[in-house]
């Protein structure tokens, strides 16, 4: 037996806790995540299978064949019926409609439910039968697949005989996208992009991952706790070898080492011990925190969806949460960047007036086809009396009737042109732009009604109730860079006109004739009143000029390389030397409670910037109406007009002096920038000036315009950016986002032109408006109206941040409470890596015992009522700049955990110092341990004692020397001679653990309530 003992001692496992104990929490976290991801993958796989097995009608060898959609190949000709979804991206070849058009809805692509018109290729639109399609010989050249839904460049070469092929340009109007739905009858198409090359599939790619400030803080805190873990393990490893350096401590008589153990490398042993301590203390890292935080975010996001106050009864829309990862970021916003049209305003246009060569016309006040009450007749101020004036007037009205992309909704009961002006009231106009609908409806009240576009002819009804037909020759479509659109039409008399409509800044420079000054004055007056203005001009083309224009456009349209650039150059050449006809004014009313919302946000310490494509005067009027600018606000301008008079350098330094002159003397609110002494500044900047500010400086030039610009902005209570292109909106957001303070930014908008800034900001919010759903689709959250932003930030954002911050801090706190006693325990057990807790506690402490209660708390906690938060926006400032997760608060929670751990450990230590536990589990303080100190033949040198309690024994042990108290009887003498002492139980691992566990291995000692007791001996 004695010779075998060293052999048995080698079987001891080195790790202080079992692999199950250490691995189970991590396994739990990974399993929960894997189940969630796996379930989502399974749903995707199921959806993919359903999509791939959809039946599609092919045309092969002039016959109709039905196959599964997964067998689609590029070049296949497909037939799609009404209300079917397109299986891939298709070029529109023909339809059964005489004009070769079809109507499509793209709700599943961009959320827009309105019907869009697409056009068949000119040379194939007459094909009706499978035989005709089967005999088609053509090749299609197009660009490489790319995700932009609204852009397509290609051309089709049609071979009719041995002569040269007919080349036709292909654009987005000929392309039908996978996922869109057909809203007419049978159509015939040819496949272009299939599978993962379709634009829909290319848009599956996720947006760039946004991470909240709380997540970043969590990661930093975890690194700190990892350092604490390593330092704990190092301290214990060093102290272990210091303690074992004294004789007999490293190798007590009951735990002799084998020869191979004695020869083992010291550094290898030290490294093994270090790893053992790492395993022992690894529970300080809150592994399950990420799962709990994810659950809290996911479940918490439903509170926004369920909020009845944020439901809009008028539209039937409620808030949407597209990502729950940023809930707490709603409570940290410092800058709000908002679009104007459709976000601050209703995007509900009312035609107010038009000005023709200085003469003003005010029709009925009409809104979306409905005549508002208390308005009757046509009030025509300063109407023309001369014949030439009357011609200009009618030309202006014709221009408004023809220069647009408005469609008339189909009415099956009416098959011919409408004959009376009153019948025009039944017209329902559809357009992607509410402005255009308002203009067409407005001019209808002034006597000219747009009837329809049929077979490339535009029909309108004039004041004499005669139908006029104009052949539509070309459309020079609108874009946000040109800020204008044109049409070229041919009248019944053979005259060719170019009508151009656009922003005043893009029309006036191209005008060579007309009453420019009178019209400019009226436009500026309307803009100051907050009306949206457009200018209308025209030019007459002779046949030779039109032929040149046609060739120029055709060359640009069929180009596969740089088509957009070549088209822009062609448009620039065509739209010049115009004659100014007049201008229109349309009102876009302010949204309900928009002013209250902006005021509340400013009180909460949030800076509000308005980014819009509108002209400066219109935008400024809206800013005054919604209280972004107050009457006391001093406006500072950084505009193109001012830069024509002074250099950018001088303007910036002058503005800087103005705002900084008062910054020393005035008491300024550090959050909102509002001066408490009554002098506020508002900055107005336009797109051209912004380009100059952001332009990289040349080598050697002094100063940095960006920093100077940011310094001016910081001292302004509000900033208005007008004439902004979509990309410039994103640049502004990026500029503030990466400034030295790194503030949390929020962008809110409702149109496709706002998507870039929504994606750029920390938090993107889409308004479910009239400009489609591109913004809502690309945003993190979507709300029906701008007014709902107030509750989303001040109430939901506040609650989310408070809850998640306390959840994170509590997780670190509880783990310190749990593991620090384990660290202290090592000082009482000779640094032998003994565990203080039972395996079940180690495993379940993080997974269930402490994670579920805090999860419920973090979902339900409301430290202040929602009404109080809405009533007093200043409360939002209490949590600004990540206030609850700063280093000071984090250190406080950590030291609180250390303090509580000391109380737990030494409280238990001193409470049990002079007590014992009987066999029935009761604690008795009247029993004095160690009454029979001489009965045991084992003695250790006295050291600081510690109590380890089980239900059947009370063992007070010290590292070196103790006295064993046992009941008299044969069991005492049998214990050390029993074969059980030598049985390989894997018990005697170190100088401390050995004694009590080896003695407890003797069953005879369990017969008495005071089974085994170790205490300081003599």
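Using N, Cα and C of the backbone, Cβ positions are placed for all residues, glycine too.
Residues or ranges marked as domain 'P-type ATPase A' in TrEMBL: 54-200. In the domain 'P-type ATPase A' (54-200), the DSSP tally of helix, strand and coil residues is 20 helix, 64 strand, 63 coil.
Sequence annotations record features per position, and here TrEMBL assigns transmembrane segment to 220-243 (among others).
Nonlocal intrachain contacts for the transmembrane segment (274-293), taken as residues 6+ away from its ends with a CB within less than 8 angstroms of a stretch CB, comprise 14-17, 22, 25-26, 28-29, 32-33, 218, 222, 225-226, 228-230, 232-234, 236-237, 804, 807-808, 811-812, 814-816, 818-819, 822-823, 826, 833, 835, 842, 845-847, 851, 854-855. The transmembrane segment annotation in TrEMBL covers 274-293 (among others).
Under the heading ATP binding site, TrEMBL lists 339, 340, 341, 436, 478, 501, 532, 612, 613, 614, 723, 729, 753, 754. A simple way to gauge crowding: the CB of residue 532 (ATP binding site) has 24 other CB atoms within 10 angstroms, across all the protein chains here.
A C-beta separation below 8 Å, combined with a sequence spacing of at least six in one chain, links residue 339 (ATP binding site) to 610, 611, 612, 729, 748, 749, 750, 751, 753, 754. According to TrEMBL, the feature Mg(2+) binding site maps to 339, 341, 750, 754.
Residues or ranges marked as active site, 4-aspartylphosphate intermediate by TrEMBL: 339.
The feature domain 'P-type ATPase C-terminal' is assigned by TrEMBL to 776-936. In this model, the domain 'P-type ATPase C-terminal' (776-936) carries an average pLDDT of 84.
According to TrEMBL, the transmembrane segment annotation covers 840-860 (among others).
Look at TrEMBL and you will find 890-912 (among others) tagged as transmembrane segment.
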When a 10 Å sphere is centred on the Cβ of residue 723 (ATP binding site), how many other Cβ atoms does it contain?
22
Tertiary contacts of the transmembrane segment (890-912), defined by C-beta under 8 angstroms and 6+ residue spacing from its ends, are 217, 221, 224, 809-810, 812-821, 824-825, 923, 946-947, 949
Please report the number of other Cβ atoms within 10 Å of the Cβ of residue 750 (Mg(2+) binding site).
32
Including all protein chains shown, what's the count of other C-beta atoms within 10 A of the C-beta of residue 754 (Mg(2+) binding site)?
32
Is the transmembrane segment (840-860) packed against any residues at least 6 beyond its ends, judged by a Cβ distance under 8 Å, and which are they?
17, 20-21, 24-25, 28, 283, 286-288, 291-292, 295-296, 299-300, 803-804, 806-807, 810-811, 814-815, 818
Can you tell which of the binding-site residues (341, 753) has the fewest other C-beta atoms within 10 angstroms of its C-beta?
753
